[in-house]
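Chemist: The region 'Disordered' feature in TrEMBL is assigned to 1-37. Per TrEMBL, domain 'P-type ATPase N-terminal' is recorded for 81-148. The transmembrane segment feature in TrEMBL is assigned to 119-136, 142-160, 341-363, 398-419, 895-917, 923-940, 969-993, 1005-1028. Positions annotated as domain 'P-type ATPase C-terminal' by TrEMBL: 859-1043.
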Amino acid sequence: MKLDETKSLDLQPQKQESEPPSLHNSSSHRSISSNSLRANSIKEVGFVDLRSKEVRYGSRGGSTSMSMSQREISDEDSRLVYINDPLKTNEKVEFSGNSIRTSKYSVLTFLPRNLFEQFHRVAYVYFLVIAILNQLPQLAVFGRFASILPLTMVLLVTAIKDAYEDWRRHRSDWIENNRLSSVLVNGNYEQKKSKDIQVGEIIKFSANETIPCDIVLLSTSDPTGVAYIQTINLDGESNLKTRYAKQETVSRIHENEKINGVIKCEKPNRNIYGFLAYMEIDQKRVSLGPSNIVLRGCVLKNTSWAVGVVVYTGMETKVMLNNSGAQSKRSLLEARMNREIIFLSLFLVGLCTVVSICAGVWLRRHRDELDIMPFYRRKDYSGEDVDNFKYYGWGMEIFFTFLMSVIVFQIMIPIALYISMELVRVGQAYFMIRDDNMYDETTDSRFQCRALNMNEDLGQIKYVFSDKTGTLTENKMEFQYASIAGVDYVDGLVLRPLMKVQVDRELVRLSRSGNDADTKTGKQIYDFFLALAACNTIVPIVVDTSDPVEKLIDYQGESPDEQALVYAAAAYGFMLIERTSGHIFDSERKRMSVILGFPNNTVKVFVKGADTTMFNVIDEALNLDIVTATKAHLHSYSSVGLRTLVMGMRELSSQEFGQWRSSYEAATSALMGRASLLRKVAINLEKNLSILGASGIEDKLQQGVPEAIESLRTANIKVWVLTGDKQETAISIGYSSKLLTGKMTKIVINNNSKESCRKSLEDALITSSAPRTGTSRDDANLFALIIDGTSLLFELASKCAVVLCCRVAPLQKAGIVMLIKKRTKDLTLAIGDGANDVSMIQKADVGIGISGQEGRQAVMASDFAMAQFRFLVPLLLVHGHWNYQRMGYMILYNFYRNAVFVLVYALFTAFTLSSAINEWSSVLYSIIYTSVPTIVVGILDKDLGRASLLKYPQLYGAGQRQESYNSKLFWVTIADTLWQSIVAFFVPLLAYWKSDIDGPSIGDLWTLAVVFLVNLHLAMDVTTWTWIIHASIWGSIVATIICGNLPSCG
């Protein structure tokens, strides 16, 4: 190979048998010449990934102690699928059809089920009881229709919303069930509706088509049986993954031979990452794993066609078994509001008790006059027989008076409040979505409001739990440093194909001469970049351009780290241009290995991984000086926030390679304990390695992260960073993001044993409890806790302004969030971008997903979604403050306006329950006269401007201290209603005291007075006036006057 010729790798690993690692979304292009495609190739004879096992969510299999591949399939837990014979497959047990249903209701079940769900709100049950009581002749106070109108309207509005949402689901189901697919029937492929597909049938699908059911691959357009699929509909990730067909079936499809066989697989389950089965074909048993199954909803990409046999259909497919809704969350303000409603209910019961007792006393005092007393007259003398007028005795009259008073004073509980809150939240969400300050131009993405019941919680957050990679950082890796054979290569020329790569000129020269020169350094550099180019899961896709001699390579990577390493290798002349089928699997160790065969008949194993696991398999005695220098370089890389990997290698003798190959083939064909056997094979391979070097990859901070964290800290929000990175890297990012400052007292705990950890925590508690000088907000008096995933103490952490948790697993992240939720009453917010953040996001009171490089799983599990961490500042400090202040005021105002009207009622009726206020006025008061201004003000009013809230983050503390809604404000509001209701009652009464005005007319005056009063009260509280607020407030008063003059209302 010439010195200036680009080296290329034609990687041909064996087929994948087991579970693929989690993939991250990244892709970029690099221009290559057609000459490089004809360069010398290196044959890859094995490919092994030994990275740490990821915790899977929504998977039943993930919780079992034994891997699915480590147990035999019993007859009770399995199903038999006869290939291309659906009749025989469904002969004994008829499997589920391929029709799916994601809708909640049918025509018959909509009304009862929807009503059942709505009446989970206790207030609705209360108003239903009131409406039923009013239908009884003995208790009828209002017209029967008027009594049921408010509840009917609330139920109807909610039912229409639910029906529309379910109609959309029905429409989506119909489209999906009637999608056409090519099914093999009598030797020919025919179009068939998706809902008619059966287990056992063979289907064929082309590029960019969506797979309609779960299938086992039989063949693809690629001669090796590889297929590239996109799982964006399954897990939200847009990068490509590889699936493989068995060679026993690939050749038959290509030669148009008929396939007869049987597949024994596990019964349908929710584990989308596992699949245990075997196939019997030509009297040969072939094992099947997760790499051989393609799930419903996946899309075929970069593969012309693929053929598979159906194993799971319809609601039994893995994706449909996992089709469950997000965790139900309720805002803290609404939970506290229920407490106040209980207080109002008790007040109402007390009021009704007083009324009924007074009525009983009056009846006892006038018991001798009841027969002839005007307006009461117990006796009916109109006929020959003297009867009682609806009189049931003294005791029952008191009981009926109590029930009637409950009906009269029913609006003490504001039923319109629930509808008002929903409408206000919709309006608030609209303005959050349309806020240009939370719009990301680079991704053309706006803020997403995925849960409408959490808006006000954004203004009360005390703890923010954040992921690091992809959340605080860009998750776009750049290769910066390389330590090769103990030499640190740093400075160099910047090349820009499409991705910036720093290149050291001397290293370029050595890498190009390394394979031909006899120098030890040159060979080590050559092997180092060979490891970068070959030891990965990158899928290189060659794209044609307008220039026939120019090509583009689209690198579809499993992680941004791998993409950066492959680009670095390409920049130094080692370009990955092709990969065929390969075998990948996970283990408990963070390493990846690849075996390469060279033209000179030598075989080498290359290994890369985390330093914590690599130095366990490197023979330090071989290169002690290099190992020592590399460790020093790793420490310096981590100190500046770089992500590090270590590379090693050893040459295999023919005997070692033969032993490995036979052991590997035996392990891959095993039906029991396959994963443990493969792990054992890899462990035997990875030993006595000689170190090649280490790499340092930079994951830059997102724009505005330091300023955002500083603003959050100023707002008295505690920011905790939970990351899987090593301690040095996390600390470096902490400084660069202004999470940590030089003045802070840093408490570092990274013990492994219980005793040492306990001792460190006790010492740290003493340190944190020591008296400090200066103000509490001074950085010199703040503590920062840096702790690893094996130890955490709440008492210590709660005293620290900053907490950095390193080396934490996904479940540990969720556990830390739950720790704070259980030990404090403060609201928590979790923000992340990857699948490993889903559990944390779901457990927090408010979950926010970042749409970044690692797919959309975090977004799909979140309550809100946005593109950049810095948008957290306007979301919390501006919209969160506004939402909390508006909603808190609106709830108190609804209690106030209803209580005023009820007390005016009570002052007039006393214990007679005679009402001067028209029943329609009572109904329209809450629905029309006073509700519209409340909703408009709840959406548009601003107590403080955006600029002030951003300039003074301390103003956010109003929500943390619950200044806009608390028990004190509630009782002050109720007390305020007492004197206002007295004024609203007596002013019209005294004005017409000696006139001949009748009861209904004075009732209309009272209604108008209350409407004037509560709307003027609202107007005095408005801070930011707009024409819409003017129209709603004054328009409501005008509407009351007009409606009061109508015959049906007045």
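Cβ coordinates are placed from backbone N, Cα and C, and glycine is handled just like the others.
How buried are the listed features, and what sits near them?
Modeler: Taken together, the residues in the domain 'P-type ATPase N-terminal' (81-148) have a mean pLDDT of 78 on the 0 to 100 scale.
Long-range contacts of the transmembrane segment (119-136) within its own chain (CB-CB distance under 8 A, at least 6 residues past either end) are made by residues 142, 144, 147-148, 150-151, 154-155, 338, 341, 345, 403, 406-407, 410, 413, 415, 418.
Outside the transmembrane segment (969-993) by six or more residues, the chain places 340, 343, 347, 888, 892, 895-896, 899-901, 903-904, 907-908, 1002, 1005-1006, 1009-1010, 1013, 1017 with a CB less than 8 A from a CB of the stretch.
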Chemist: Of the residues in the domain 'P-type ATPase N-terminal' (81-148), how many are helix, strand and coil by DSSP?
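Modeler: DSSP classes over the domain 'P-type ATPase N-terminal' (81-148) add up to 32 helix, 2 strand, 34 coil.
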